[in-house]
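Student: Just passing along the structure, written as structure tokens.
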Amino acid sequence: MLLLASTVIQVSFALYTIPIFRSQRNSIESTSLDNLNGVLYSATVVVGNNQKLTVDLDTGSSDVWFRSTLCQSTDGSCSVEKQFDATDSSITDLKTTFNIKYGDLSHTDCEIVQGTVTLAGYSAAIPFGLATTMVGFNKSPDTDGILGLGFNDISAISSNLQGKSANWFDALQLPSGENVFSFFLSLDQQNTGELTIGGYDPNRIVGDIAFFPQYSPGLWDIDVTGMVFQVGSTTGQAQYQVTSGLVDTGTTRLVLEEKVYHAIHAALGATLEGETYVIDCRNTEAIVFEIQGKLFTLPYNYYMKQINDKCYTDIETDTNNPSVIFGDTFLRMFYSIFDKENKKIGFAVAKQS
């Protein structure tokens, strides 16, 4: 999201790129757009004694945990074929637990163990969680857990281990200049995305990279004070209550403050049906955001989804928690670079073909 010192098995410090697979959730719920065509990007990890699991790579959290044979649930969140075998002889029980809740209100309780987790050719022995209860994960059965790529400051596991690091990326101890990872998220559902560790892939970007300093300690976020949006001839201030925007690969959509959310949909000519905006499927308007003087254009095919005979946007708001989150809707258009050493985030137009 140690009671023992962290050990690291380093395969290579070279730039290493692996495919991450895009999958659609199987459940469709008419009351929530989040479940109509939810998208996540996952990767395969090897844990313990060669147990292969699929994880959601999440820059919005820091902990690593897996659905396990210890897991129980009342909503089917544990009822999948693949679970980590908790009898694995290579792991060490650290005799403590943690729980974590995510922005969509899904949550899990876990036992904390120590073991080796391998991703993209890199291995590290870290504390991680084995889920004992799970709630709200029944809509995303395509993954077996979450690998957080955020900062250790927000780790629930670390907090329960008196501040000892539980961060997988930090445990790699990459040399100066290579403490970077990057994401390419494919637009085409038939293609895969990429996670690059140790730098970024210049073949995946078009034009220059715009870098922004980290805004809040412990978070992959940027300053969005004064952010402006434009849709056609309509221009508006895109920030009212919050000053930071979280860059989160674990969030499906672009999340905007409520007033901005409604203003953009009004400019698009969308109509509200219940709690969901419906937009004309013939719409071709781009949404342009100006952030710290830099322009980011989101074409219509990056934020629109058609379900049956209606079209919707992959943009949402949280009325209870005003926020700006640059989720996958935004990150498919813009290749993202997370520089942990220099505490900055870079965006460049992603080369989709």
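Just so it is clear, glycine is given a Cβ too, placed from its N, Cα and C backbone atoms.
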Student: In TrEMBL's disulfide listing, Cys78 is paired with one of Cys71, Cys110. Which one?
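Tutor: So the cysteine that TrEMBL bonds to Cys78 would be Cys71.
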Student: What kind of secondary structure is Asp58 (active site) part of, going by DSSP in three states?
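Tutor: Where Asp58 (active site) sits, the three-state DSSP reduction gives strand.
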Student: If you compare CA-to-CA distances from Cys71 (disulfide bond) to each of the recorded positions Asp58, Asp248, Cys311, which comes out shortest?
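Tutor: Closest by Cα: Asp58.
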Student: For Asp58 (active site), which of the listed recorded positions (Cys78, Asp248, Cys311) have their CA atom within 10 A of its CA?
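Tutor: Within 10 Å Cα-Cα: Asp248.
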